[in-house]
Amino acid sequence: MDKNRKIKSGIIYLILVIGSVIMLVPFLWMFLTAFKSTSEATQMNPFIIFPTVWRKEAFLSVVSKMNFLRLYWNTLLLIVERVICAVLTATMAGYAFGRLHFRGKNLAFSLVLFQMMVPSQIFIIPQYLMVSRLGMLNTSFGLLFPGLVTAFGTFLLRQAYMGLPSSLEEAARLDGCNIGQTFLYVMAPLTKSSMVALGIFTALFGFKELMWPLVVNTEQNTMPLSAALAKLQGQFETNYPELMAASLLACIPMIIIYLIFQKQFIEGIATSGGKL
Amino acid sequence: MNRKSKVSRRERSEFLWGWLFLLPTMAGLIILNIIPIFQTIYQSLFKTGAFGKGNVFIGLDNYGQLFSDGTVWQALWNTCKYALVEVPFSIAIALLIAVFLNGKIRGRSIWRTIYFLPMVAAPAAVAMVWRWLYNSEFGLLNHILRGMGFSGVNWISNPNIAFISVAVVGIWSVIGYNMVLFFAGLQEIPRDYYEAAQIDGADGISQFFTITLPLISPTMFFVTVTRVIGAMQVFDSIYMMMGRSNPALGKTQSLVYLFYKYSFIEGNKGYGSSIVMLLLLVILLITVIQMFCQKKWVNYS
């Protein structure tokens, strides 16, 4: 019996290890390739796993072609703007949907649900034409544009507000708070964990978005990392050390942030994903 | 009387505050999402020349062209094939890992961190590194295969296997996300269910099928629906991995890829709009079928 259990847990650990290796090898290979020369990366006999000399040429060359400081800044700006817009608008709308009773609420909420069911590509052409007509192509506002409000976030925050006890609200009302004060001082602070979840969700998906930046920001100095990587690949299709160096530079900040805040990341995704 | 006016004052105040709070979101939704839906429908009735010039009304001709366009049907089939590989495997593997991590296991948070890692990487970077791993001459995968005495595989240029190679990247990217959702679902199953089963002599595998699977079915349903919708919209990995001269492109390009190509590379936004309408229809259809089928297997206790 005991031996049996040991074998079983051994198998579980073995599967977990093999899985982890598959998860990590692409990152490792990205890292190792970035420090090789082109000839080293494409050498077959012998096949080189670790660079013989850790070269930084690929990084230098990539940094001279792409202004990474600018790209980091554009990406950071996009993320921060989107998170602020999403959390602010969704907190307010979520409170109205979750706690208040008024005419037209159900109709308004059906629009939120409708938006969530429709594939987002359906909005892209008209949104692109709007940004273009406003003369805002290649601006940071253009990147932010589809993220000004969030149906998903509104739904998430509504769920959070609906889970709060109504006794708090009544107590605040008896103390003479109007609805705005009740929201600001009593209710909104209680949904902080959902706000954090929405913030992480918004930041992650803003960072990962590819099609919208490809469409609206085609100039090097205003595009975010994702679009810049796509452009780089188009130009230097076979220079793998450079492509890997650029990928590494693009991924490292988010990986570091994730490793520091992994608990918040995983809980944020679990709550925002699971509540839908 | 006094009481009634108080109630109606309360009602009026809720009405005003409610709409004040909704104002930014509703204005944004209407401008950014609701109006664009109608604009896309409207646009799909036009033929758009290069650079958006010459918007000519052609009625339903785009849809007529769509139905006779073999590329579109092939793309729809490619998208479905992709989903049929990505969704079941990403769900099964994620569930397995989540069940392992829910048991008595050392270093749970380390495992979780590793499996979730691909989720925080930019899809463009992920696609580039996989393209490099898949490289038929110098890629790591073929090198390992050759080392074991097999011949190399044209992972992304062989039309018969390229969609699987792309789906593998999709699976690899999304396992962590599914795992986190399953893990959260598993945590809600009371421990004593398993203890009772253990006393009855049920082993791990039968516990999985009699306790875990039925109780996790609501999470499973949610993950399946969202994953199917996500997989039907696959774009990033195909755009980044399949070069335009790749012989396997025709057998891997997805509907969204075609939408992007027609709308923003060839400038025919009218035809692009009709493709996205087809996508909408397909996704709605699949979702409705799933909603209908959930009664058969989802267990809400």
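Even glycines carry a Cβ here, placed using N, Cα and C.
Note that TrEMBL annotation is computational and uncurated.
Summarising the annotation, TrEMBL assigns domain 'ABC transmembrane type-1' to B:76-290.
What TrEMBL records for B:16-38 (among others) is transmembrane segment.
Beyond its flanks by at least six residues, the transmembrane segment (B:82-101) meets 108, 111-112, 115, 163-164, 166-167, 170-171, 174-179, 182-183, 186, 208, 212, 216, 220, 223-224, 227-228, 231-232, 234, 252, 254 of its own chain at Cβ-Cβ distances under 8 Å. For B:82-101 (among others), the entry in TrEMBL reads transmembrane segment.
If you look up TrEMBL, you'll see B:113-133 (among others) marked as transmembrane segment.
According to TrEMBL, the feature transmembrane segment maps to B:161-186 (among others).
For B:207-235 (among others), the entry in TrEMBL reads transmembrane segment.
For the transmembrane segment (B:271-293), the residues of the chain that approach it from at least six positions outside its boundaries are 40-41, 43-44, 47-48, 62-63, 65-66, 72, 76, 221, 224-225, 228-229, 232-233, 255-256, 258-260, 262-264, judged by C-beta separation under 8 angstroms. The transmembrane segment annotation in TrEMBL covers B:271-293 (among others).
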Chain residues outside the transmembrane segment (B:113-133) and at least six past its termini with a C-beta under 8 angstroms from it: 97, 139-141, 156, 165, 168-169, 172-177, 179-180, 236-237, 239-241
Chain residues outside the transmembrane segment (B:161-186) and at least six past its termini with a C-beta under 8 angstroms from it: 78, 81-82, 85-86, 89-91, 93-95, 97-99, 101-102, 112, 115-119, 121, 123, 126-127, 130, 134, 153-155, 212, 216, 218-220, 222-223, 227, 230-231, 234, 237-238, 241-242, 246, 248, 251-252
